[in-house]
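What TrEMBL lists as transmembrane segment is B:20-44, B:261-286, B:298-330, B:350-376. Under the heading domain 'MacB-like periplasmic core', TrEMBL lists B:24-233. What TrEMBL records for B:265-385 is domain 'ABC3 transporter permease C-terminal'.
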Amino acid sequence: MTKTGFVIANLFHKKTRTWLTLLSVVMAFVLFGLLQSLNLVFSAGADFVGATRLVTQSRVSFTQSLPMRMVPEMDAIPGVRSVMYQQWFGAVYQDNPQIFAFAVDPERLHETYPEWVMPEEHWNAFRDTRTGMIAGKLLADQYGWKVGDRIPVQSNIFPQKNNSKDWEFELVGIFDGQDEQWRRQTAGSIYINHAYFAEAALFGGGMAGIFVLRLEDPEMAESIAALVDERYLNSSDETKTQTEKDFQVGFIKQLGDIGMIVRWILFAVFFTLLLVVGNTMAQSVRERVPQFAVLKTLGFSDNSVLGFVLAETLALCLIGGVVGLGLATALGAVVAQAAGPMLPIAVDARVWMAGVVAIFVLALVVGLLPALRARRLKIIDALAGR
Amino acid sequence: MLSQIIAITGLNLRSIPQRWGPSLVIVIGLAGVVAVFTALLAMAQGFQATLKDAGRTDNAIVLRGGSGAELNSGFGGDSADLIKLGPGIRKGKDGRPLAAGEIIVITELFKKGETVNGSNVTLRGVEAASFELRPQLEIIEGRMFKPGLREILVGVGVTRQFAGVELGQVLRMRGSDWTVVGIFEAGDANDSEMWADLDTARSAFNRGNGVSGVRVGLESPESLAVLEEALTADKRLTVEVLQEQAYYSAQTGQFRAMVSVLAGVVTLIMALGAIFAALNTMYAAVATRSREIATLRAIGFGGFPVLVSVMIEAVVLAFLGGVVGAFIAWALFDNLSVSTLGQSFTQVVFAFQVSLGLVMAGLVIAVVIGFIGGLLPAVRAARLPVTTALRTQ
């Protein structure tokens, strides 16, 4: 019998118990996978956004609009490659308020966000169609929109000059992300033409919510940010400029202490799991004391007996953990589908990595005490049942 | 029969201290389930109560039609004056209709310990009537702001969560300095706001004579319909009239649904894990006592009392775990003040509420899990073949 075979055979020494323990481990890792992915949404979030862009907002808060006269002033700053402005439109489509619609200058959007991929003729159409609108691929898929459709959208902020909050736009393009993470961002995105918006809206046309500055060199981010903020210091429109990544992280942090709660649950789950598996292993070793004595009598060293017990724990945690994380991956996809763009969770490689670390830590913590006990075992005492 | 059940159960329960290790698995497993369940729902409950308490049934909020939230709304001072003259509005202490035009400005504050990312906090420009419309609101420290001066009152929830808002400190917003002169407490969502004089705020934030919305006191809750009918019929206005309590309660739906789903999923998965752990423990308990059980059967005890006694042991341990879990949730989380983004895109500060109802629900879950976890091992114990069991070592 090989050593691996021996470990497996020992593991199923008590079938019911091993199966039940395995199932608890599976459940714990299903939770671990889902909660860790949620945790990532709240903690890191925006790693894929490079440092090549700055976001300038009003110092009061980003809901306070800034005047458009700042655009040429920012264009003139050395080191700034292009400037984009956007105004939050407050769109609601068929009672779905989870739509991120912004009024933008099409050409400036194209220059500032090369990550959005769309055929050049669609970019041109967006530029040339005053009532045009482009939508993210995932959003367009969700509602079955096709280029050429006329889409009725309500704004919960801006009425048109006739006092009606019902707007209609022509879909002239559908944009995709350059990679998987950017594609995920297209789930709720709409852009409309700022020139048309400014003319048709009853108020708010001369303002923009934030400015996005694409830099020639990310190294200059800090100095340019300071330059912008200094320029508007003590004016009635003081600004706060930060990298796009910090801006995104700040956005997620607004959700507040949810991340902390998730960490507490993770801790509770893990602690519970530790006890369950730890106890099973201890019990299993206790019952097999005479067997270990026999092993030692046969000439196995103290260390290889320790190795057997540790390997058994590891096998248990590994099988349970991998199955659990696998289930979590499937479940996570279902949850993400149901929750929509507000909760972009995904049990991805980062979660798996954390999961694998957790598996090994768990195996070591719960296996070590019983393993040491088996190692210390004196043959005579054990065989005599003392 | 009953005496047999009592005898065996007593025997089992008294022997628990001799085998604490395995029994502890049930206790701790269930403590984990109940603690997580209670804490999550206490969060949902605290959030809901904070917003619901902020609204009264005899107050109404008038917004621009289709806005849904004060943040999105806005109209000129002339519209505000028309609204204040509407029917069904009760008289205030000064004999004039009890109505206040208010503006919402979103400002950024740093959470305590945070230096990079600010959080949105509501700054509300208010009139004298705003205080009369919220009688639950009291200034607990400092004094009232003086109209014309850039002075603000800060809600007690804001002072708990954010830095730089102590009495006497100065906040810089849009090129102007505001001094904190007082701290107020209302015991609800109002505590998450900062208040300043309406006219002073309007001039500092370039709002002309506009307001975000008008808050009015109604003669009775039924007057809502009267006011709504009159205002919507007025061709000069495009407004919606919302009952204050309904307005705030509507903001809790999404958060509550999200937390409830989270609590449901997490509890379900943890409960399954706990059931497996309980099964494990009880099978082990039955196995180690198989000779003892067989002896009892041999001297005349029935199978049913044995079954019941194992079930009772599992349920008692589970209940104990539930109590521990509920206590942990209460000790760690009750009244814990946290904040999250509300629907008006600003921070709502609220406290966890571990209520008796939640604790009871948690204990019921614990007992049910104990019951399920004990059932199969109990059946096995009752069916133990007496002769073989007596012979095993």
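Including glycine, each Cβ sits where the backbone N, Cα and C put it.
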Average pLDDT across the domain 'ABC3 transporter permease C-terminal' (B:265-385), rounded to a whole number: 88
Range from B:20-44, B:298-330, B:350-376 with most C-beta pairs under 8 A to the transmembrane segment (B:261-286): B:20-44
Counts of helix, strand and coil residues, the domain 'ABC3 transporter permease C-terminal' (B:265-385), according to DSSP: 92 helix, 10 strand, 19 coil
